[in-house]
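Participant: This is the structure I have questions about; it appears just below.
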């Protein structure tokens with residue numbers, strides 16, 4: 001049958017060969033034998049183009065063949081991961097397609113995949129576990145005040161144009177598979193102009209972010225924050241609104257207009273509307289000031305809702321948790337914290 005070469009085949013071949021060589025030293029010797037025999041054969045062919053003319057060329061071909069057979073025999077996979085890679089490679093190369101949903105896949109286990117990637121990256125999974133545990137311990141040792149200060153510094157770097165854009169190494173990314181240990185949970189808006197990690201100049205695993213239009217609290221967002229607080233042990237919860245929030249503007253429309261929207265959207269907007277003091281907002285005539293006050297009012301309402309949870313307030317009183325409100329000004333990049 002025709003062989004269809006796919007891009008992923010190259011990666012699988014390289015992985016298979018690497019694992020085989022690391023597992024069985026005789027493979028390296030086989031590779032060397034094939035290389036030496038091949039060089040000798042090529043050298044003889046440059047002078048004598050036909051096999052019939054020179055018998056040493058025949059011997060060279062035989063040496064290459066024997067070395068190749070020895071190499072193939074020594075490259076027998078010693079783990080189920082190599083078996084799976086080889087089987088998948090053969091299937092994809094011959095058929096040029098992915099397995100159908102009804103077909104069982106001979107796939108390596110998660111531990112085998114993790115160990116193999118770790119090996120290729122130059123470290124063991126045990127090292128990754130130890131690194132994850134150490135990082136988690138350091139995160140737990142920080143106080144809410146320290147965490148909030150670090151968040152403020154990150155935002156200062158962002159709006160000053162000196163963001164560090166912290167990126168994790170391959171080792172650190174692998175360690176994140178073991179566990180996550182963010183110190184901050186952020187309830188923010190889903191607005192595309194408010195990428196929370198970028199605004200605070202944070203990297204992978206630093207923030208637990210919950211985003212929803214109008215940064216409102218409902219069953220889903222509340223449950224997400226509770227998970228971050230009680231299981232991930234975050235030290236700071238930030239409810240962050242932002243300048244020119246479309247959800248807040250829409251929530252200030254009359255109810256009849258809001259109810260014309262799709263049912264779920266209308267329900268969310270009416271929920272936000274219920275927390276706004278519209279009489280006070282109408283007394284503010286400057287549009288920009290009115291916008292900020294409406295967003296801040298919504299944030300304060302969400303913070304107050306969180307503060308009604310006795311379990312959360314117990315952590316706050318023990319200085320194990322801080323709940324703060326924040327306003328992100330898109331035009332300047334600055335985040336103002338309030339309602340601590």
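Backbone N, Cα and C atoms are what each Cβ position is placed from, and that goes for glycine too.
Feature annotation from TrEMBL assigns region 'Disordered' to 94-115. The compositional bias 'Basic and acidic residues' annotation in TrEMBL covers 94-110. Per TrEMBL, Zn(2+) binding site is recorded for 189, 191, 242, 245.
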Participant: Have a look around residue 242 (Zn(2+) binding site) and count the other CB atoms within 10 A of its CB, chains all included.
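Facilitator: Residue 242 (Zn(2+) binding site) is surrounded by 23 other Cβ atoms within 10 Å.
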Participant: What other residues of this chain sit with their CB within 8 A of the center of the CB atoms of 189, 191, 242, 245, the recorded Zn(2+) site?
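Facilitator: Going along the sequence, the neighbours come out as 188, 190, 193, 194, 214, 215, 241, 243, 244, 246, 247, 248, 295, 328.
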